[in-house]
Amino acid sequence: MGLLSEGERHENEVPLLENLYPDCPGCKCAYLSAKGAGPPVKELFMITMIVICNALPISSLFPFLYFMVDDFHIADKKEDIGYYAGAVGSVFMFGRFLSSVPWGMFADRFGRRPVFALGLLSVIVFQLIFGATKSFWVAFAARFMLGLFNGMLGPLKAYASEVCNEENQAWGLSTVSTSWSLGLIIGPAMGGFLARPAMNFPSIFAQDSFFGRYPYLLPSIIQAIFAVAGLFVVYFMPETVHKHDNKHLSDDERSLIKSAKAPKEPMWKNKALMASIAVYCVWCFMEISFSEVFSLWCVSPREVDGLGLPTSDVGMVLAVSGASVFVFNMTVFPIIAKYLGPILVTRVPAPTDQRGAANGLSLSCVSLFRTIGPAGAGAIFAWGQSRHDAKFLPGSQLVFAVMEIFVILAIFTTFPPILPVSANRPYYLTHPQEEKEDDDEAR
């Protein structure tokens, strides 16, 4: 029990209170996380759908962002496009940085489903504006508003942990990460193949057609359709946040509830939580920086040290890389997480009524790093293209060398004392009695 937080030890000792609140939505679905329950397949499928809708706007623009900024005619020369592309790529995360903690607190108080619904509505509205605009500043503002209203990911992680019992936590985490990987497959492929359709498919779309005049709208329309389907899914998702009305209870029942409430510890005092968030931030910074730089490098002209590839090829390459992550998460990750322990922020102990806020804090910090990543990487990329004749690290070599340094730093952050061993909680380490039972059955 030494590996459990104070809140979790208290929760494990508390009697079941579901019978006291027959109308509480959280109590009604408590059977999903009961000991011995199987993986909640239906709920995990719903989570998959919502996470994909959340991931598409983030990843779909990278294959065509260079051309979109070029079409805005805001850059004085080709070498400067990286600066503006980095700004558009990062402002979404800045908006999410500002709003993630409030959205997490909102989800803890009013429920997970309202946050999912509002986030999906923001995808429909602002993604369509982004795809249809011909102004850099309108695109910039649309991406900022999309990030500001997109507070789904933190509550989604909390939701995944709430519908799974301790034994199935790896499946909940794997569902979120796998769905994210699916978004990384579908998003770049969608953006790469569907953007600039008059150029990629001239036999179907003429240059003077609607999509010829609005070359970046088609991917946004498809994403809006996904979001509408996501709203339909949210309607059928069970709510996991408990809403208790104590007015009808007796004094003895109120005393029981009061004793069941674990004391809240400020999240920033949870060293395992904050250390895991810090490590997560570094890895996310590296991941989104590489995604943007790689896409810019692929589509930029050869005369500025790029590859000069079309958007469809870039989308295919990013989709293949996302597919490899998807296969890993589906086949290897659940096994490793169960027996070795997942070093992820969503497995760090947090009381039930703080999970949304804790994941919101994580998402806010990560969004800050993901804001710095594309902006900084885009600036270094543009600087590198302006010095493609330099003798030391010319052109794109500069930005990839910087990326390699961050890869090394990211690996070091996973070791103590930065990431404490207590953040890694394999299931059979916290439940040794069940491991013994399995061994006895095997014999």
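Note: Cβ is positioned from N, Cα and C throughout, glycine not excepted.
What TrEMBL lists as domain 'Major facilitator superfamily (MFS) profile' is 43-443. Look at TrEMBL and you will find 44-69, 81-98, 110-130, 136-159, 171-194, 214-237, 272-294, 314-337, 398-419 tagged as transmembrane segment.
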Next item on the list: Would you mind listing the long-range same-chain contacts of the transmembrane segment (398-419), meaning Cβ under 8 Å and 6+ residues beyond its ends?
Entry: 275-276, 278-279, 282-283, 285-286, 289-290, 293, 297, 343, 377, 380-381, 383-384, 387
Check: Who are the chain neighbours of the transmembrane segment (110-130) in space, where the CB to CB distance is under 8 Å and they lie at least 6 residues beyond its ends?
Finding: 25, 50, 53-54, 56-57, 61, 103, 138-139, 142-143, 145-146, 148-152, 155-156, 158-159, 216-217, 220-221, 223-224, 226-228, 230-231, 234, 237, 239-241, 243, 356
Item checked: Folded-back contacts onto the transmembrane segment (136-159), same chain, C-beta under 8 angstroms, at least six residues removed -> 47, 50-51, 54, 57, 68-69, 72, 74, 84, 87-88, 91-100, 102-104, 106-107, 112, 115-116, 118-123, 126-127, 129-130, 173, 176, 240, 346, 355-356, 358-363, 367
Item checked: Contact check, the transmembrane segment (214-237) vs the transmembrane segment (81-98), 3+ Cβ pairs under 8 Å, seq sep 6+ -> no
Note to self: Under 8 Å between C-beta atoms and at least six residues away from its ends: which parts of the chain pack against the transmembrane segment (81-98)?
What the structure shows: 57-58, 61-62, 65-66, 68-70, 72, 74-75, 136, 139-140, 143-151, 288, 292, 296, 300, 363-365, 367-368, 370-379, 381-382, 385
